[in-house]
Amino acid sequence: MIRKAFVMQVNPDAHEEYQRRHNPIWPELEAVLKSHGAHNYAIYLDKARNLLFAMVEIESEERWNAVASTDVCQRWWKYMTDVMPANPDNSPVSSELQEVFYLP
């Protein structure tokens with residue numbers, strides 16, 4: 001498994017709405033993530049800084065990257081643009097984090 005972590009932002013007034021939209025996520029999005037090899041996906045909120053920290057275990061970079069081109073992912077990104085900063089393609093603005101420590 002490949003461990004990935006990344007940071008996103010959430011609008012200051014949208015913390016509760018962001019959480020509501022993820023509990024639960026759309027069943028078809030969950031199915032796409034799982035079918036593309038995503039496991040143990042978690043997102044944490046830093047309320048003081050309006051930051052989201054996400055971590056996920058993936059089976060391959062290629063399969064993970066392919067999620068972005070699915071119809072359900074494109075619809076999800078558009079659905080989330082009013083609660084978080086987005087790129088021109090509606091993907092969330094994010095920064096990948098470098099792993100510096102891991103305790104198995």
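Backbone N, Cα and C atoms are what each Cβ position is placed from, and that goes for glycine too.
Worth saying up front: this structure is predicted, and the values here are computed from it rather than measured.
Feature annotations, reproduced from Swiss-Prot:
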- Y18, Y41, W76, W77: substrate binding site (BINDING)
- H22: active site, proton donor (ACT_SITE)
Just the number: how many Å between the Cα atoms of H22 (active site, proton donor) and W76 (substrate binding site)?
11
Centre the Cβ atoms of Y18, Y41, W76, W77, go out 8 Å, and tell me which other residues of that chain have a Cβ in range of the substrate site.
R21, H22, I25, L29, M80, P92
DSSP three-state assignment (helix, strand or coil) for Y41 (substrate binding site)
strand
